[in-house]
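**Student:** Sharing the features that TrEMBL gives for it:
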BINDING   Gly165, Arg166, Ser167  NADP(+) binding site
DOMAIN    4-115  domain 'Tetrahydrofolate dehydrogenase/cyclohydrolase catalytic'
DOMAIN    139-283  domain 'Tetrahydrofolate dehydrogenase/cyclohydrolase NAD(P)-binding'
Amino acid sequence: MSIIDGRAVAKKIRGDVKSKIAGLGFQPGLAVILIGDNWESKLYIEQKEIACKEVGIQFFLHEFVSSVEINEVISLIQKLNADRKVQGILVQLPISVSLDLIKIQEAIDPWKDVDGFNPINRGLLFSMAKKASLETMIPCTPAGVMRLLEEYEVDVNGKNVVVIGRSNIIGKPLSYLLLQKGATVTICHSQTKDLKFHTQNADILVCAAGQEALVTAEMVKKGAVVIDVALNRVTDQSKKGYHIVGDTDFEKVKSKASLITPVPGGVGPMTVAMLLQNILKASLIK
Ligand code: GUN
């Protein structure tokens, strides 16, 4: 069994992005919109700010209280769409309030949509097409998973891949990317009747359900590649008061798997690295 080192791969990508940004001749900017108060979103934003500064991207944070009206958010996005200092725009998820996310994501200029969540970019991804002559923006976490598989020379062609989770951010786009590479993809979710029936047949198992200890060793085929995308907060006696775990019972599952991502230190750093890559991509658009 080997443990996938997402931090090392992400570091390599950040170094590559940094040198390409230095050659751009201008400093790109990322605008991040935070709506309401959510611990997970704040954690992601902290990591994104550190990474942007490290590679030479300006970071602009725009915060809204949870009582904000959707029109205020859309009006900010319209300003950012026209702002030449801003090459990338994203709304950090999850948001703790009920707003029409599709309307918000639709307002972001598809060329500045570094999350790949605008319906145009989603449509291009699902139809496996390109935008003009450029690659479309691929959502960061799915892109990070694909890059990790590539780095560790895991060929997905013809493999049985089970993805647990059908979110718009991870499960659905990742399933399409895997399908594009020739995998046979099964998407499982909260309504799946017998999860083990599916997982035990997976050559590659992707866990993105957000449920601590959901995947036990008995559910994993010997020699499988296990990619744990989830972030679950578990309270403990530490100074911080919690620690982060994924969806797998890591210690037991790792003895069955041939390759496995830890949480933290697996997919998480890759999400941020792929965001930087998307900002670079957006910065190259004239
Ligand atoms: N929350 C978890 N992953 C993501 C992501 O890739 N983009 C945004 N905006 N929010 C997220």
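Positions of Cβ are set from backbone N, Cα and C atoms, glycine also.
Give me the structural setting of these features: burial, nearby parts and distances.
**Tutor:** Counting every protein chain shown, the Cβ of Arg166 (NADP(+) binding site) has 17 other Cβ atoms within 10 Å. Arg166 (NADP(+) binding site) falls within neither a helix nor a strand when secondary structure is assigned with DSSP, and so counts as coil.
Along the domain 'Tetrahydrofolate dehydrogenase/cyclohydrolase NAD(P)-binding' (139-283), the predicted structure has mean pLDDT 97.
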**Student:** Mind checking how the domain 'Tetrahydrofolate dehydrogenase/cyclohydrolase NAD(P)-binding' (139-283) divides into helix, strand and coil residues in DSSP?
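**Tutor:** For the domain 'Tetrahydrofolate dehydrogenase/cyclohydrolase NAD(P)-binding' (139-283), the helix, strand and coil counts are 51 helix, 30 strand, 64 coil.
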**Student:** Could you break down the residues of the domain 'Tetrahydrofolate dehydrogenase/cyclohydrolase catalytic' (4-115) into DSSP helix, strand and coil, giving a count for each?
**Tutor:** 54 helix, 19 strand, 39 coil
**Student:** Which residues, same chain and not among Gly165, Arg166, Ser167, have a CB within 8 angstroms of the centroid of the CB atoms at the recorded NADP(+) site?
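**Tutor:** So the additional residues around the site are Val163, Ile164, Asn168, Ile169, Ile170, Gly171, Lys172, Ile187, His189, Ala208, Ala209.
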**Student:** For Gly165 (NADP(+) binding site), just count the other CB atoms lying within 10 A of its CB, please.
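**Tutor:** Gly165 (NADP(+) binding site): 24 neighbouring Cβ atoms within 10 Å.
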